[in-house]
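Pulled the feature table from TrEMBL, pasting it below:
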type     : residues                                              : note
ACT_SITE : B:K205                                                : active site, proton donor
BINDING  : B:C9, B:G10, B:V11, B:G12, B:T13, B:V14, B:G15, B:G16 : NADP(+) binding site
BINDING  : B:K105                                                : NADPH binding site
BINDING  : B:E190                                                : L-homoserine binding site
DOMAIN   : B:355-434                                             : domain 'ACT'
Number of protein chains: 2
Amino acid sequence: MKPIYVGLCGVGTVGGGTATVLKRNAEEIARRAGRPIVVKMAANRDLDRAREVCGSDVTIVDDAFAVVNNPDIDIVVELIGGTTIAKDIVLKAIENGKHVVTANKKLIAEYGNEIFARAQEKGVIVAFEAAVAGGIPIIKALREGLTANKIEWVAGIINGTSNFILTEMRDKGLAFADVLAEAQRLGYAEADPTFDIEGHDAAHKLTIMSAIAFGIPVQFDKAYLEGISKLDATDIKYAMELGYRIKLLGVTRRRENGIELRVAPTLIPQKRLIANVDGVMNAVLVKGDAVGATLYYGPGAGAEPTASSVIADLVDITRLHTADPEHRVPHLAFQPTQLADLPILPVDEIETCYYLRLNAQDQAGVLADVTRILADGGISVDAMLQKTAGEAGRTDIIIVTHLAIEKNVNAALAKIEALPTINGKVVKLRLEHLG
Amino acid sequence: MKPIYVGLCGVGTVGGGTATVLKRNAEEIARRAGRPIVVKMAANRDLDRAREVCGSDVTIVDDAFAVVNNPDIDIVVELIGGTTIAKDIVLKAIENGKHVVTANKKLIAEYGNEIFARAQEKGVIVAFEAAVAGGIPIIKALREGLTANKIEWVAGIINGTSNFILTEMRDKGLAFADVLAEAQRLGYAEADPTFDIEGHDAAHKLTIMSAIAFGIPVQFDKAYLEGISKLDATDIKYAMELGYRIKLLGVTRRRENGIELRVAPTLIPQKRLIANVDGVMNAVLVKGDAVGATLYYGPGAGAEPTASSVIADLVDITRLHTADPEHRVPHLAFQPTQLADLPILPVDEIETCYYLRLNAQDQAGVLADVTRILADGGISVDAMLQKTAGEAGRTDIIIVTHLAIEKNVNAALAKIEALPTINGKVVKLRLEHLG
């Protein structure tokens, strides 16, 4: 049986893992796919590294377009990253009638609509399991495993760096900056960690899952992002006292009038399995109307876990590229003519529970004023905790609300902050029960 | 676009759920599948129930063969259960060139090899996601999501009834018999609970996962089964003191000389996510050489969760039945000509850690005798706990071992039980670190 020939564009961490696993498990993979899957050509700036990783049977070049234009290549694997050359490579591969596998979450979240439209015209598959949650086959679960369901929401811990930092802050009671420095030393955080800690990376992944869950185009520009760099260790401690953990959580939820799409530090009840996903691990919890809640857990990054997803896509294409292109698994789970135009809701319109921390003068009437403002704003209180703060005559008040609309909470907080008995800004975090 | 016409054989709990969800989410499902998926005919002994559930557009009959022989039916859904008429129905559907979806774990675990061979000859698909772990898309994950990996082991909590009973025993400190009675009252356990509590149901599911993970034929008759009915509340308590939970765990592991395939009450470190899967929920943990450990969690039974998997299979077939039958996703993940003949190892040959509870006379030298016997048998001790038992002059000794071969442990236990200072039989439970 003729092998499937793969052209690798980019032989960095994931590209190296892909070449290594394809070689190591060649027999196992061929037994599953029905034919060998072989890297025939690889493009990399560092030719020596590519030669070392891929071995002497593979043609090594420094120009990715040479791979894409090689008529012997059946599937192009794009592992260059970014949205400039990577986008050109993917579009050219499609134009040349080649199937594409990519791990590029930014590319799919920002240019997926254009890429999938071109792929559909050409009858080729663009697969991207590795773009979300590394080795966890969550795209497959959402796109194929849960097709019976109206998906209600998806919630995910989908950035390992942030989860590592939050886990260390909680376990060791350290401040954000100290843990970040440690994470950088250990190689879990980049020298410039912005992309991870401010939620961009998680929002790219969430955008893709949202499109697949609800049958809407990818709309990364409408996602709301809030990172963990301003998170105070005090709130992690108070959250624990109340029975919650704080995670950088991506949440996308179907509401009647639109879709919520947001990444933010979020309280989750400690009793939920997902609240106990620690360190660099990832997990995604999906709520469907028929199945209820299902959870998918595993390593969200790393050479071989990500390669695991890249190769699963290669096997999928090998097995299924002969299916009628008009009806096989659609890129975004829903047939391209059947996408919905439900809008992404602005953050003001989201509905969730809230954790509020106020610093107040320790005197009679403060609580009455605060709870009156909340009640007037239609915000009902689920739990309250009053703590003696460090400074004399001041106290921390922690309030957990029931479901409320964000703009109503913001309006109430403006009034609370204007009270003479309240010191400074109120800390506001979102809280999800995920029940 | 012409609908896909489904024939439902059996309109019980899962059949009812399937008809209900197909109707409720018809639009969502058609947007995903590319065409409507419609129940056209249903067979059930209770015609009135079938009419009520399926609605007036569906032809209701009492003979399942009328469904299978109807030329208008594209996919037959077998939800009758058992292995007599269900097997005939499935084989006849295949003979008639129809695709089949089944939730019947017993049928697949015991007759899968024959059924898949016939389906292969006829170029039809037999899909069975609902047969393992209810609504969790674990078959898809193993068969398609993890194809890059040499799977090392699969461990699952895959019987909700047993997990409910064990959770209650632990939380309330109750004996097995008391909790079973409660579970029966709540409808979580059958009047005759043997199938669930003695591990048959879990072993059926594990047999299927083992075949898919390792590329071997289904071999239910070689599975080792040990249920929870003899489990003592004392051991649940001691396990917790040592940092473990006891679960009815299905474990299948690839060893050099064969495959382990066993269901038994098993200690798991409390810090593992899977140890915290409680109540009727299911979870499967899979270790692959490239991806590492991934976990899949959700409801393992119930009308709509199981229907979720049945319908996912219907959508899959709708999307993919046009792919070349020689190369599309193989029933057991590996191409039918590429199954391995690795034997299932007898239980004597399994290698795992052990929890041992001895009741001993509280006198000098007992521990020395016991540890000498273990050492002579090549069994090394990981942890030990000595407890004052109820009766004067007696003490419980709990020993946790490192990895050992079962027959060596049994030989050592025979010698230990022969010691004059040891009372009665030693309790032996298996222990998995799942790291």
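Glycine too: its Cβ is placed from the backbone N, Cα and C atoms.
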Using Cα coordinates, what distance in whole Å links B:G10 (NADP(+) binding site) and the residue listed as 'NADPH binding site'?
15
For the NADP(+) site (B:C9, B:G10, B:V11, B:G12, B:T13, B:V14, B:G15, B:G16), what does the 8 A shell look like? I mean other same-chain residues with CB within 8 A of the CB centroid.
B:L8, B:G17, B:T18, B:N44, B:L79, B:I80
Taking B:G10, B:G15, B:G16 as the binding-site residues to compare, which has the smallest set of other Cβ atoms within 10 Å?
B:G16
From the Cα of the residue listed as 'NADPH binding site' across to the Cα of B:G16 (NADP(+) binding site), what is the distance in angstrom?
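The separation of the Cα atoms works out to 18 Å.
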Quick one: DSSP breakdown of the domain 'ACT' (B:355-434) into helix, strand and coil?
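Across the domain 'ACT' (B:355-434), DSSP assigns the residues as follows: 23 helix, 35 strand, 22 coil.
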Only counting partners 6 or more residues apart, tell me which same-chain residues put their Cβ under 8 Å from the Cβ of B:K105 (NADPH binding site).
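B:F128, B:A131, B:V132, B:D201, B:H204, B:K205, B:I208 - these are the non-local Cβ neighbours of B:K105 (NADPH binding site), listed in sequence order.
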Give the sequence-ordered list of residues that share a chain with B:C9 (NADP(+) binding site), lie 6 or more positions from it, and have CB atoms under 8 Å from its CB.
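Counting only residues 6 or more apart in sequence, the Cβ neighbours of B:C9 (NADP(+) binding site) under 8 Å are B:A42, B:A43, B:A64, B:V67, B:V68, B:V76, B:V77, B:E78, B:L79, B:I80, B:A86, B:I89.
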Of the binding-site residues listed here (B:V11, B:T13, B:V14), which is spatially closest to B:E190 (L-homoserine binding site) when Cα positions are compared?
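For B:E190 (L-homoserine binding site), the spatially nearest of the binding-site residues is B:T13.
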Give me the long-range Cβ neighbours of B:T13 (NADP(+) binding site): same chain, 6+ apart, Cβ under 8 Å, in sequence order.
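Looking at Cβ-Cβ distances below 8 Å from B:T13 (NADP(+) binding site), excluding near sequence neighbours, one finds B:G302, B:A303, B:T306.
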Using a Cβ cut-off under 8 Å and a sequence separation of 6 or more, which residues in the same chain sit near B:G12 (NADP(+) binding site)?
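Listed in sequence order: B:N44, B:L79, B:G81.
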If you average the pLDDT over the domain 'ACT' (B:355-434), what number do you get?
94
Might you list, by sequence position, any residue in that chain lying six or more from B:V11 (NADP(+) binding site) with a Cβ less than 8 Å away from its Cβ?
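Correct list: B:A19, B:A42, B:A43, B:N44, B:D46, B:R49, B:A50, B:V53, B:C54, B:L79.
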